[in-house]
Amino acid sequence: MANTLVMVRHGQTDWNAAGKLQGQVDIPLNEAGRQQAREAIAELHELGRAVGGWDVVVSSPLGRAAETAQIIADGLALPLGETDLGLIERSFGSAEGAEVWGLTDEEKESLFAVAEPEAEVAARGIDALRRTAQLYPGRNVLVVAHGTLIRLTLNELTGSEYPRIDNCEAVEVDTTLIVEPAV
């Protein structure tokens with residue numbers, strides 16, 4: 001089991017800036033997103049000092065997360081570990097690319113009717129964290145992923161309602177919550 005897991009949302013993309021749903025569409029970071037990743041390095045360095053240092057950075061294979069992970073790994077002089085398909089963003093189906101800013105709750109609910117179910121996203125995120133913890137036992141790991149995946153995973157793990165996760169925001173995961181129950 002990993003000692004510490006911290007999930008980090010990828011940097012900004014043009015679709016983030018325009019209020020569009022990205023989902024699993026592979027939208028690259030924009031320059032603001034690259035700068036956010038560079039700025040996150042100092043905070044992550046301090047968090048790392050508190051846990052005895054980071055050992056590895058893993059990520060979703062989608063470009064925006066992988067590039068954020070590469071920038072962070074380079075800035076902290078860390079190796080890049082495995083990518084995990086379980087860390088990809090929630091699929092929003094045919095709603096990917098739709099603008100969501102300014103929509104009413106009812107309009108959003110209608111739009112999200114075609115999306116991957118929240119419970120499936122959370123289960124996929126938890127499974128990915130378990131695999132990461134097992135792959136890097138005793139290590140302190142940064143996990144770069146996506147806002148909705150992080151939020152839904154944390155909601156399921158903690159039973160709390162996490163608010164929006166901002167670009168390059170870091171959230172520690174209580175690793176005792178991802179231990180699989182004994183059979």
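Positions of Cβ are set from backbone N, Cα and C atoms, glycine also.
Substrate is bound by Arg9, His10, Gly11, Gln12, Thr13, Asp14, Trp15, Asn16 in TrEMBL, and the record lists one more residue there from Arg64, Arg90, Arg124, which is Arg64. A simple Cβ count within 10 Å picks out one of the recorded positions Arg9, His10, Thr13, Trp15 as the most packed, and that one is His10. For Glu89 (active site, proton donor/acceptor), other Cβ atoms within 10 Å of its Cβ number 26.
The Cβ of Gly11 (substrate binding site) lies under 8 Å from the Cβ of Leu29, Ala32, Gly33, Arg34, Gln35, Gln36, Ala37, Ala40, Arg64, Glu67, Thr68, Ile71, Asn167, Cys168, each of which sits 6+ residues away along the same chain. The binding residues for substrate are recorded as Arg9, His10, Gly11, Gln12, Thr13, Asp14, Trp15, Asn16, Arg64; their greatest pairwise CA distance is 15 Å.
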